[in-house]
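TrEMBL has this to say about the protein:
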TRANSMEM  B:6-24  transmembrane segment
TRANSMEM  B:77-95  transmembrane segment
TRANSMEM  B:115-133  transmembrane segment
TRANSMEM  B:153-170  transmembrane segment
TRANSMEM  B:182-205  transmembrane segment
TRANSMEM  B:252-274  transmembrane segment
TRANSMEM  B:286-307  transmembrane segment
TRANSMEM  B:403-432  transmembrane segment
TRANSMEM  B:452-470  transmembrane segment
TRANSMEM  B:476-501  transmembrane segment
TRANSMEM  B:508-529  transmembrane segment
TRANSMEM  B:549-569  transmembrane segment
Amino acid sequence: MKGKSRQDYWKANIRLIATLLVIWFIVSYGFGVLLVEPLNTIHVFGFKLGFWFAQQGAIYAFLVLIVVYAWKMNRLDREFDVEEQ
Amino acid sequence: MDIQLLTYLFVGGSFVLYIGIAIASRVGSTKEFYVAGGGVSPIANGAATAADWMSAASFISMAGIIAYSGYDASVYLMGWTGGYVLLAMLLAPYLRKFGKFTVPDFIGDRYYSNVARTVAVICVIFVSFTYVAGQMRGTGIVFARFLEVDVDIGVAIGMVIVFFYAVLGGMKGITYTQVAQYCVLIFAFTVPAIFLSVMMTGHILPQTGFGATLLDAAGNDTGVYLLTRLDQLVTELGFSAYTSGTKSTIDVFFITAALMCGTAGLPHVIVRFFTVPRVRDARVSAGWALFFIAILYTSAPAVGAFARVNLIETVDNTAYESLPQWFHNWENSGLIAWNDKNADGEVQMSAGDPFQGAPVYTGERGIHGERLLSNAPTDNPGEVYIDRDIIVLANPEIGNLPAWVVALVAAGGVAAALSTAAGLLLVISSAISHDLLKKQLKPDISEKGELLAARLAAAVAIVIAGYFGINPPGFVAQVVAFAFGLAASSFFPVILMGIFYKRMNKEGAIAGMLVGLVFTFSYIVYFKFVAPEMNSPEHWWFGISPEGIGTLGMIFNFVVSLVVCRFTAPPPAEIQQIVEEIRVPRGAGAAVDH
């Protein structure tokens, strides 16, 4: 039981990491590098959107990703009974 | 009070603070020396990591680099922050659970091999020394510019201060001084940024001022966006638009990836996460670290844009005699040079180098009072050379800010350089005293003996770093690419697979590390030193510059290790058990004594 549960914990962790890293890739390499030209035709306030992602938006998104990861993992630790005592 | 005196006061005051902290956090055990006893709170560790990470280059040079390269500089902004996402999810929590002292420790144990450990030690020392020489030099330069002492004396003062708290307090001393240094440097960076933002756009936050409309001298809204104005100014001068890039997409992609994976693989950053009490603290702490770093990294592009607009509007097509005093001061310091090529007495800022190479002053003055140059002029219409570091160093003067802000920037620059240097020196000393001496050469050494060895190694490392700071090898600026490229192509894949791929064995890891390392090293050496004349996009492989080649080295590392591992024996059962264990948080004690 314990072994199986640990494997499930690890799978859930990998799934979470994969989801968050897809977002990580999209906001930086996607919006900031590969799609920067088309996004630059959209203006938000004084920013071209692609430029904003490359110099501001991606960094904010990175921060949110880490916070979400830490929060979700703490919940996962308790759910699978592997948290630190 | 005059600026000089204020600067002495601020820098001197910060030194007293650092030394006080060092005395308060003396250590008595190797565990305290290597990982601060494993009892640092996640917020304190976040601030310490931020100071550790942000070097003199981040503080002094980055905003200037952004101001002059616009969108192209995004690689640094994304690359040096995105790595923390990788660190938080893929490395830090598991390495904390593993609970040893150093990066070679993990590699040596996980791959049950002293060969792997030794390769890791060599990488650690090479990467860290490359970096630390630049930091010592940075300290000296800040001293020279603000306190008018010789660069060499500045380096020596920096050495003494670092010596004091690194040798006495080890990781514990370094951690708490870094927290103080973070406070100094972030205050010093944001105060001028806020002043500038309010002055130019009326926004308190530089991050929103960056996208706002400009105010005119009387404080009325002009209705023109900062970035629109900037694009217009630079294109009129013949540069490409600020908000669009000149680098190829593949190169931007590869450089960003190399910086991200390199950041996640840098030993002095990883080792900071060994100092928190629990696995969950390691995750949260990475978030705090990025938060503290993001305050500077999201202000820097705004500062760059403000300063560039300000600079062009103040200087371009203005008569030399009527330029503000700071222009003449920094010309006297050798960071600005002007050659009145069209003899109209006005300064033109058009694109292209104004003359060949860095300015060489003849020692004579021209008819307008400018310092004459012996450099051969170019055919470009541009007449003025402006060192990029000016953007941060002279910002307070350009913005007419009070004298204490200038003094604050000096203290901030010194804090940024010292905090990074100390972190690197500790990594070097623990690699020698722990991974070489204790783990390999003299396993029966006593706790006291190892602590003494660690202190001696730190002292020797400081002297060597100081030597390189005083006699910088001509290539310091060019080898930064090394540190990131090598960390990305050696450590990052090996640690990642050590955690996420149980089947990875020592043969695969060693082969992968060596291939990644040798390939990246050779590529950089070839284009930077052997054949610098070939260093242009048409000769690069797939258009990837030496700065971005670490990503390709990393891919080779992954491929080679996976192939080799398929054809060799799987790791022993107890190693596979260790991997199982590091994947779950429960059971992580404080960093293990051994």
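Using the three backbone atoms N, Cα and C, a Cβ is placed for every residue, glycine included.
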Problem set entry | Interface-richest range of B:115-133, B:153-170, B:286-307, B:508-529 toward the transmembrane segment (B:182-205), CB pairs under 8 Å | B:286-307
Problem set entry | Same-chain residues at least 6 beyond the ends of the transmembrane segment (B:508-529) whose Cβ lies under 8 Å from its Cβ atoms | 107, 111, 113, 115-116, 119-120, 123, 475, 478-479, 481-482, 485-486, 488-490, 493-494, 497-498, 535, 539-541, 545-546, 549-550, 552-554, 556-558, 560-565, 568
Exercise. Same chain, outside the transmembrane segment (B:153-170) by at least 6, Cβ under 8 Å from its Cβ: which residues?
Worked result: 15, 18-19, 21-23, 25-27, 32-34, 36, 136-137, 139-144, 147, 176-177, 414, 417-418, 421-422, 425-426, 429, 454-455, 458-459, 462-463, 465-466, 469-470
Exercise. Which listed stretch (B:115-133, B:286-307, B:452-470) has the most C-beta pairs under 8 A with the transmembrane segment (B:252-274)?
Worked result: B:115-133
Exercise. Other than its close neighbours in sequence, what residues sit by the transmembrane segment (B:452-470), given a CB gap under 8 Å and a spacing of at least six beyond its ends?
Worked result: 30, 33-34, 129, 132-133, 135-137, 139-140, 151-152, 155-156, 158-159, 162-163, 166-167, 170, 421, 424-426, 428-430, 432-434, 437-438, 445, 476
